[in-house]
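First up is the structure itself, then whatever we jot down about it.
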Amino acid sequence: GIGFKAGVKDYRLTHYTPDYETKDTDILAAFRMTPQPGVPAEEAGAAVAAESSTGTWTTVWTDGLTSLDRYKGRCYDIEPVAGEENQYIAYVAYPLDLFEEGSVTNMFTSIVGNVFGFKALRALRSEDSRIPPAYSKTFIGPPHGIQVERDKLNKYGRPLLGCTIKPKLGLSAKNYGRAVYECLRGGLDFTKDDENVNSQPFMRWRDRFLFVAEALFKAQAETGEIKGHYSNATAGTCEEMMKRAVFARESGAPIVMHDYSTGGFTANTSLAFYCRDNGLLLHIHRAMHAVIDRQRNHGIHFRVLAKALRMSGGDHIHSGTVVGKLEGEREVTLGFVDLLRDDYIEKDRSRGIYFTQDWVSMPGVFPVASGGIHVWHMPALTEIFGDDSVLQFGGGTLGHPWGNAPGAVANRVALEACVQARNEGRDLARQGNEIIREAAKWSP
């Protein structure tokens, strides 16, 4: 008897611990699991905890060289999902020591890694996570955050306005710059590179950045307002991405952009450090998120991707519109919008928030509403998102029958009218159309 017993044993013997009291330093995760027929929920939950932390499929003698009690993930609660057959929420607690400081990449490799391919589960979805201050404090977080951005731009008391330049592919740099100028001159705060625009044969990045910088300065001089264009620094290598960010800064641009799902968290965090050190704002686009978050029973919910981005670093992030052309439910969307911009968010299952999240002093991120919205949505958007948001109208600006600048004017007039009406105590939900119609009389 050397005390080592080889062989396969049930995960639930070691990793299902219903009487465990979670620690303040634990990283907590809620998983929606659909076990294979015949697999008990406790075994499935324990398997998730084990496979995303210290466990493997069999007992190994090297287990004796460490303290599993200290390092193992524990499934501490399981609840059936109402209205679903054979679906459960498993709550898992991970000890802080399992994760590298300041690395979203490492955190995701564990908690949303191999376990998602696990045979005993038909499907698995990460619904929410609780990041303790002990861990979140090791991350850079947003390079600047909502308050500093408002101070840099000198824009207060209203949402910010943006516009994605369309057609997204095919314009020359010169014509692209012209479209940027017209939108900014008309009254928008920002214009945006479409996420597909990197550096293609029809428009190389350096040419675009230069013509855009010219447009920025011209529009600023004529309007007396600070303007920005999200120059997309996303590239095939981290080095090339940094080169583009440096060039954007040297051209006098106030903000750059990155696709954090396709570019990856490692690249994103590097860029966030550069942006903080050099006074650049960082706009984050979420291309590829729907591949990961759209299925109800498998994948990662966007609120988890949003929390990860707040830690990795970004000043703006796309987060759905509630009213536009892309999917999103109102309460759930507002739940993760608050997770992005508030300090302290109470657990509230009706909004999809499984854990109370305390960000302590980490700056907030502007949620960006973008995708199929236009001027008639303005009252709803103002009411749903409030002041701390960026509202982006691509086709909703450039599709104006008189052209880009009048489209921009229309959006700015509508926004100012909605903010004023709200401040005067009018009901945006009920009187929205009327407010917009009134405003239109004074708009070109």
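Numbering starts at 1 and runs along the chain as displayed.
Quick reminder: no glycine exception, Cβ is built from N, Cα and C everywhere.
Taken verbatim from Swiss-Prot:
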- K166: active site, proton acceptor (ACT_SITE)
- H285: active site, proton acceptor (ACT_SITE)
- N114, T164, K168, R286, H318, S370: substrate binding site (BINDING)
- K192, D194, E195: Mg(2+) binding site (BINDING)
- K5: N6,N6,N6-trimethyllysine (MOD_RES)
- K192: N6-carboxylysine (MOD_RES)
- K325: site 'Transition state stabilizer' (SITE)
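For the binding-site residues N114, T164, R286, S370, a Cα to Cα distance of within 10 angstroms from K192 (Mg(2+) binding site) holds for T164. The record gives K192, D194, E195 for Mg(2+). Within 8 Å of the mean position of their Cβ atoms, the other Cβ atoms in that chain belong to T164, I165, K168, D193, N196, V197, Y230, N232, M257, H285.
When secondary structure is read from DSSP and collapsed to three states, K166 (active site, proton acceptor) falls in the coil class. Counting only the Cα atoms, the space from K5 (N6,N6,N6-trimethyllysine) to N114 (substrate binding site) is about 26 angstrom.
Under 8 Å, Cβ to Cβ, and six or more positions away along its own chain, H318 (substrate binding site) finds I284, H285, R286, V368, S370, G371.
Sparsest Cβ environment among the recorded positions K5, K192, R286 (other Cβ atoms counted within 10 Å): K5. If you draw a 10 Å sphere around the CB of K166 (active site, proton acceptor), it holds 16 other CB atoms from the protein chains shown. Residue pairs drawn from N114, T164, K168, R286, H318, S370, the listed substrate binders, are separated by up to 36 Å at the Cα level.
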